[in-house]
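I have placed the structure first, in the form of structure tokens, so that the comments after it can refer back to it.
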């Protein structure tokens, strides 16, 4: 009988011990799981001010991006705006040009960065007298909602070539950062022509050939009155801006490289804007069908630029191309000298 009681006691102790060990293992696993589930930092924490190198919680940034997307759709209430301390800020950086240099691609790619909020439409505030007369409050009202430490960026390519714009932007913010994206000047001029030509064709209108517009038929010299040619004389326009802003406030983006290898160009812009490095190769994938890079925001949301991007250029007489390249060459050399950035343009 005594032996039987001892056996039963040992069995009970074994069962109790097993339960205790199981409970302990469960608690350890649970604590580890909870620890892994904790955000890197609380959602309420804000984005670090530009220029700081602290690591920013990706969960926080994804949360904020989704909230801002709801705002753009008009689904956020005034209470949500107040609760999350959202504001409409004047831009701290502007893509001022150039037309057909890749301004839309640059803006959309920078929008991959969680610290950047973009104005979806071209505002044309500083280059349009009627808009400018509406005042700075009107301009601010055209900006997207953002968190206080995010950077709002807008792009209007006409700013670069419009005479009144540098002084107007200077009066708004003399320390603003200015982005200029350029392509090989002759290629840019042909791209400019191609966009106008497509618009004419949609309206069943005829249009001159590029050669007739780019070359003065009376003198057989380059026609500097043709807007597509004038816009490609980058140094002439930049000199006007340098009357108001030091060269250090400009960053030149290689629009040709942004098409073929965008990440290095975007990383240079991140540094110029004093942003922590957040855009990676994961965010950019080559679409063989479209022939250029598309954007990946996360595992769910990807985006390609509009179908109007990457138009096929018409064939241009090689002698005209050669004449244009020779014409642009001295201006290009001066542009390199002023900006400190050299391109392998002919």
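Here the Cβ of each residue, glycine as well, is placed from N, Cα and C on the backbone.
Just so you know, TrEMBL annotations are computer predictions that nobody has curated.
Note that the structure is predicted; figures quoted are calculated from it, not measured.
If you check TrEMBL, you get these features:
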ACT_SITE  100  active site, for sulfotransferase activity
BINDING   100, 101, 102, 103, 104, 183, 191, 293, 309, 310, 311, 312, 313  3'-phosphoadenylyl sulfate binding site
DISULFID  294-304  disulfide bond
DOMAIN    91-335  domain 'Sulfotransferase'
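Structure with TrEMBL features highlighted.
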{"residue": "100", "record": "active site, for sulfotransferase activity", "Cβ within 10 Å": "24"}
{"residue": "102", "record": "3'-phosphoadenylyl sulfate binding site", "Cβ within 10 Å": "27"}
{"residue": "104", "record": "3'-phosphoadenylyl sulfate binding site", "Cβ within 10 Å": "18"}
{"residue": "191", "record": "3'-phosphoadenylyl sulfate binding site", "Cβ within 10 Å": "20"}
{"residue": "294", "record": "disulfide bond", "Cβ within 10 Å": "16"}
{"residue": "304", "record": "disulfide bond", "Cβ within 10 Å": "15"}
{"residue": "311", "record": "3'-phosphoadenylyl sulfate binding site", "Cβ within 10 Å": "13"}
{"residue": "313", "record": "3'-phosphoadenylyl sulfate binding site", "Cβ within 10 Å": "12"}
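Separating the Cα atoms of residue 313 (3'-phosphoadenylyl sulfate binding site) and the residue listed as 'active site, for sulfotransferase activity' is a whole-number distance of 12 Å. Straight-line distance linking the Cα atoms of residue 304 (disulfide bond) and residue 104 (3'-phosphoadenylyl sulfate binding site), rounded to a whole number, equals 11 Å. Rounded to the nearest whole angstrom, the C-alpha distance between residue 311 (3'-phosphoadenylyl sulfate binding site) and residue 100 (active site, for sulfotransferase activity) is 11.
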